[in-house]
Each structure stands twice: as C-alpha cells, then as structure tokens.
Amino acid sequence: LFRTPSRVLAFVRVKPTAHFAQDMIRLGADNKSIDIYIQKSPRGGVVNNSQTDWSFKLDGVLHNTSQEMVYETVAKDLVCKALQGYNGTIMCYGQTGAGKTYTMTGTSSEYRNRGIIPRAIQQVFKSAAAFLNILVTVRISYLEIYNEALFDLLAPALGRGCKDNQLCVMDGPQGVYVKGLSIHPLSLEFSLHWQGETNRVIGEHSLNKNSSRSHCIFTMYIECRSRDYTNHKCLKSKITLIDLAGSERLSKTGSEGQVRVEASYINKSLSFLEQLIIALADPKREHIPFRQSKLTHVLKDSLGGGCNTALVTNIYGEAEHVEETLSSLRFATRMNWVTAEPVPNEPFYREPSVKALEEEIQLLKQELIMQVNLTSHSLMTYNPLTTAQRAEIRSQVQKYLRGVIEEIDIVNVRQIQEVFRQFKVILRMKPHQPKVPSRIWKRKRKMKRKMKKKKKKKKRRTRKRKRKEVTRTVMKSPQSNPLRMPRTSSRFSLGGSKSLFPEGALHWVVFPECSSKARGRDLEICRNTGQEWWWEPHMVVVGAFEVFKKETGQEIHRIFRDNKRILIAKKKGSHSVAQRLNSLKEEMEATKEALEAQKRKRRQEGEYTDEKGQVIIDEQEFSLIVKLKELKEEHKAGFTELKDLKAEIQYCQYLVDKCRKRLISGTE
C-alpha cells in the first residue's frame with residue numbers, strides 16, 4: 001500500500017515579554033511565518049557581505065497564546081491518532097529559559113496553566129470513558145538523561161550514585177527500549193506524573209532561576225482491547241513527550257562549577273541531535289547517526305519514521321537574544337524538512353500466547369515424567385492424590401506423632417501439602433486448654449486501664465496548675481515586669497478597631513506552653529479584662545503570617561485564593577451533578593416499574609403478533625421504552641461528566657495543598 005509521506009509539523013512559540021523587538025522580529029499575518037532582521041555590524045568594515053534578513057515558513061506561530069490553545073493546535077489531533085493505533089511524538093526545543101518546560105508540563109500552582117503532558121493524560125482518560133465496548137489501559141514511564149547518564153524519575157529509590165541503577169539503551173525486535181526502566185499503570189489522571197517532576201535536576205543561572213539540567217522523556221503506553229473478551233485483538237500505541245534541556249551560551253548565563261559542566265553536556269547532546277535532524281532531512285543520506293549520544297539513541301523510533309511527530313520551538317522575543325532565536329528557527333526549519341510516513345500498529349492476539357504457555361507446561365510435565373523414569377522413582381507422580389493415598393498419608397502422620405516412625409518419606413510436593421493439611425486437622429481436633437491464661441490477660445488489661453486513668457488525671461491536674469500560673473504571669477502590670485520591651489514597640493491591645501500592630505515594629509506576644517484550648521481561654525480573659533499583653537521569654541511570633549500574605553507572599557496568596565475558588569466551584573458542580581444523577585436513577589427505577597406493570601397487563605389481556613411473529617405493543621409501552629432509553633443515555637453522560645469533575649477536583653486539591661505548603665514555608 002502506497003502512502004504519501006508527510007512532513008514533521010514544526011511550531012514556534014514566542015515567550016511573552018514587554019520588550020518585544022518589533023524592528024528585528026516580524027510575525028506574519030497568517031501566523032505561519034516569521035522574519036528576522038539584524039543590522040550589519042560596523043566591525044565588518046566597508047565591504048560587508050553578511051546576511052541581514054531571514055524568513056522562515058512554519059506550520060504555526062504561537063504568540064500570546066494560552067496553554068489550552070497551544071494544546072489544541074499542537075497535540076490534540078496527535079493524541080486522537082494514538083487512540084487509533086498510531087505512535088506520536090511531541091518535542092520542545094529552544095534556548096534556556098524560553099518556556100520549554102512550561103509548554104510541556106505547565107505550572108503546578110494554577111489549574112489553567114497545565115501543560116501538554118497533563119492535558120494529554122486527561123484527553124486519553126476522557127476518550128476511554130466514552131468508549132462503550134473498548135477497555136483502554138494506560139501505563140507510563142519517565143526517563144531522565146543527565147550528563148549522558150540515564151535515570152528513572154518514577155523510581156526515586158534508585159537515585160543518582162546508586163550502583164543498582166543500571167539503565168541502558170537496547171535495540172530489540174520491537175524497536176529501541178531502555179533496559180531497567182520501570183513502567184507503571186496509570187489509574188488516576190494526576191498521580192505519578194507530578195511525582196516524576198519533583199525528582200528532576202534543576203539549576204540556577206542568570207537567565208533562569210529554575211533551569212532544567214537534563215532531558216526528560218515522558219512516555220504513555222496505550223493498550224485497547226474488547227471489554228467482554230469477544231474479540232481477542234489488542235491494539236497498542238505510545239505517545240512520547242520530550243522536554244529537552246535548553247541550549248546555553250556560557251558568556252550570557254555566566255555558569256560556573258557543576259552548572260558549567262552540565263551546560264557542556266547539554267550543548268554537546270543538542271549538537272548531536274541537530275546532526276541527526278540534518279541527516280534525516282537528507283533523502284540521499286545512507287547512514288543516520290543514531291548512536292552518537294544517549295538522547296539520539298533513545299529517540300530512534302520517535303523521530304520521523306512511522307509515527308506522527310510535532311516540534312514546538314520556544315524562542316525569546318527580545319533583541320538581546322536574537323542570535324539564539326535565529327539558531328532555534330533554523331533548527332525548526334530543518335525539522336520541518338524531515339518526512340514521516342505514519343503507519344498504524346498491527347493488532348495482535350493474546351490467545352496464541354496463552355496457548356503457547358499451556359503447551360510449554362505440558363512439555364515440562366513430560367520432561368519431569370521422563371526424569372522420574374530415568375532415576376527409577378516409580379512412586380513419584382504429578383497427578384492429584386486419590387482417596388487411598390490421602391488415607392495412607394493420614395495414617396503416617398498419626399504414627400509419626402505417636403512416635404511409631406521417626407520420619408515420613410517425601411515423594412512429591414503434593415504429598416508435602418497433604419501432610420501439612422493433616423497436621424492442621426489434628427491440631428483443630430485437639431481439646432481446648434484451661435482458661436487460666438485468659439483470666440490472667442483480663443487482669444492485666446484491667447490494670448492497664450487503671451494506670452491510664454491515673455495518668456490522665458495527673459495530666460489534667462498539671463494543665464490546670466500551668467494555666468493558673470500562666471494567667472498570673474501574663475496578667476501582671478507593666479511596672480512589675482522586668483523583661484518588658486518599650487511601650488511604643490511591643491505593646492498591643494486585643495480589642496478595638498485600630499490596627500493590631502504599630503507600623504515599623506517587631507510584633508511579639510506571649511503564648512503559654514500549654515494546649516490550644518488554654519491559649520484561647522487566656523486570650524478571652526485578656527479581652528474581657530481590657531488588659532494588655534507584654535513580651536516574655538519563650539514567645540511566639542504573631543502576625544508574621546498576615547505580614548507575609550500582604551508583602552512577600554502576596555502573589556502566592558492570590559494564586560491560593562484563585563485555586564481555592566476554582567476547587568469550591570468544581571465541588572459544587574460535582575455535588576449538583578451527583579444530585580441530578582440520583583434523581584435520574586430514581587426516575588429510571590419508576591419508569592422500569594411502570595414498564596413492567598404495562599408488560600404484565602399486556603400478558604394478562606393477551607398478546608398480538610404481526611406477520612413476522614413479533615409482539616405488537618401499544619403506544620404507552622413504546623413511550624415508556626423510549627423514555628427509559630433517553631434516561632439511560634442522560635445518566636451515562638452525567639456519569640462521565642461526574643468522573644471528569646472528580647479528576648479535576650483531585651488536581652485542584654493538589655494545587656491548593658501545594659500553595660498552602662508554600663505559604664507556610666514562606667511564613668516560617
């Protein structure tokens with residue numbers, strides 16, 4: 001079958017900036033072209049033939065676009081094709097700090113800023129829920145290439161420097177694979193991916209505070225088969241999502257030490273990747289250098305060939321990075337020259353593998369019987385024990401327990417299992433021992449309960465005494481307190497409508513070292529008596545959380561409130577959908593009862609059939625059948641909606657918890 005080759009899709013995403021170089025970077029009106037203009041350098045002299053204009057034609061230019069629009073443009077069709085049996089690859093390339101990880105993964109602080117990976121997982125699960133007769137199984141792996149070494153991000157126990165972490169790239173009959181890489185089933189949409197993200201290596205330099213120092217390859221393995229096993233065909237496909245580390249110019253990043261070593265490894269592997277793309281784009285090239293680096297070797301089956309491939313090139317829009325932008329656009333153009341012939345994977349049958357295993361078991365049994373005959377163990381058998389054999393084993397066990405025989409001859413595994421079973425039967429038939437130990441245990445438990453009561457009473461008395469002492473200490477007058485701070489900086493009142501703390505002061509307050517209930521009581525006493533609190537030893541900073549929210553942590557607190565608002569809205573939506581489903585279920589039950597009553601009435605009055613022998617029903621019964629069908633369809637759609645909402649609630653809850661932790665850590 002002749003297939004028309006298609007080019008690899010290449011997109012460019014421009015990082016938003018307030019200093020966009022409009023005189024040097026011009027975006028086409030069709031959102032598919034980009035022009036670069038660089039003035040000639042005066043150091044070139046009078047005769048300067050250096051090029052000043054470049055024009056690039058691509059599949060799309062994404063400027064000031066949301067994460068959702070990027071996913072719709074780049075990945076949505078590719079994921080749909082993967083569910084039909086086609087392999088797919090999406091790769092993010094560009095300069096360091098240009099937004100590759102943001103495009104691929106997104107941010108964990110806001111739900112709407114999810115990247116390609118979490119959205120692709122969500123699309124696969126939504127599509128799987130819509131299939132009626134097809135069961136979709138999803139498994140994932142997460143590989144990191146750091147300084148030309150392979151690491152499994154989903155197996156943090158095998159960390160860097162561990163001798164057992166021996167991952168290597170292998171060529172097999174089914175293609176390239178990583179030996180030792182763990183593959184995990186994915187039953188929830190947002191479970192393992194974020195765990196892998198936290199295990200990545202990041203560094204800091206002048207262009208990016210959270211720079212990825214490694215290449216990461218996230219792979220989803222999708223398997224589709226029949227739910228009722230009527231069709232034994234099974235269809236497999238995979239989606240490979242690649243987040244490359246950014247290319248760096250050491251003169252701009254100012255990297256030193258370990259970061260400089262990492263940059264050299266990153267630039268070297270990206271150079272080999274560019275050589276590979278140039279070779280793939282040349283149709284006359286015979287040798288393709290896949291084995292130059294670990295990155296190119298792993299991507300042997302993912303670049304071009306028989307899978308759908310898309311590239312997202314992230315660039316800066318500022319004038320100071322125009323040379324790196326030009327280099328990234330050249331790479332995108334070369335990638336656009338690569339041709340691919342996407343071929344769907346062939347369905348395979350599970351049944352032959354089961355038959356092969358059964359045949360192998362039968363052959364092994366025959367080999368065991370032959371071995372028995374050769375060693376003259378005529379008593380050995382692999383068939384189930386007969387009643388006579390069981391009785392003989394029971395007799396041997398009883399003789400062994402009475403001391404008549406010293407040992408029992410072992411013939412096979414089935415005999416060992418039967419011996420143990422007979423021991424269990426005899427042990428159960430043994431008479432019960434006197435109940436003296438139980439009385440002793442009751443007495444011990446009674447003593448323990450008494451000791452616990454005494455300890456609780458003692459603790460209560462201690463807490464009361466401490467509260468009295470603290471109240472006396474805290475409520476004493478300022479003149480009698482030798483450790484008080486100046487009145488202008490340390491004093492504050494718990495009542496009134498004025499500000500709690502004076503401006504420009506360090507705010508402290510006494511809290512006794514006792515339970516939260518006691519602290520609340522003391523505060524209430526202070527409010528009621530109109531007394532003031534004074535600085536004492538062992539104090540706790542109060543108001544730091546409010547200060548952090550209003551000053552340094554203002555942005556994260558805003559994100560926290562937004563995420564919490566989204567979470568509450570999602571929960572309300574889920575509650576309303578659940579109520580609607582319950583009402584639909586009640587209506588379905590009522591309709592079923594009415595339909596059954598109508599059928600019974602029809603049988604009692606007598607049934608009429610047409611020429612083909614089919615039973616004729618009246619309009620009322622037909623309307624009930626149609627209504628029940630519509631209710632079932634509505635219930636199914638609502639159930640799918642509820643499942644999606646639960647997944648989104650889980651993800652929003654994760655974001656809220658993460659923001660809350662950041663607020664607490666910032667306050668500390």
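Each Cβ is built from the backbone N, Cα and C atoms, and glycine gets one as well.
Note that the structure is a prediction, hence the values are computed from the model and not measured.
The ATP binding site feature in TrEMBL is assigned to G94, Q95, T96, G97, A98, G99, K100, T101. According to TrEMBL, the feature coiled coil maps to 574-648. The feature compositional bias 'Basic residues' is assigned by TrEMBL to 440-469. Among the features that TrEMBL reports, compositional bias 'Polar residues' is placed at 477-489. Annotated region 'Disordered' per TrEMBL: 436-489, in sequence order.
Feature annotations (TrEMBL) mapped to structure.
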residue	record	contacts (Cβ under 8 Å, 6+ apart)
G94	ATP binding site	K100, L244, G246, S247, T313, N314, I315, S328
A98	ATP binding site	K15, G246, N314, I315, Y316, S328
G99	ATP binding site	R13, K15, N314
T101	ATP binding site	C92, G115, S212, D243
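DSSP states for the compositional bias 'Basic residues' (440-469), grouped as helix (H, G, I), strand (E, B) and coil, give 30 helix, 0 strand, 0 coil. The Cβ of K100 (ATP binding site) has 25 other Cβ atoms within 10 Å, all protein chains considered. With a 10 A radius on its CB, Q95 (ATP binding site) counts 25 other CB atoms from all the protein chains. Of all Cβ atoms in the shown protein chains, 25 besides its own fall within 10 Å of the Cβ of T96 (ATP binding site).
A sphere of 10 angstroms centred on the C-beta of G97 (ATP binding site) encloses 23 other C-beta atoms.
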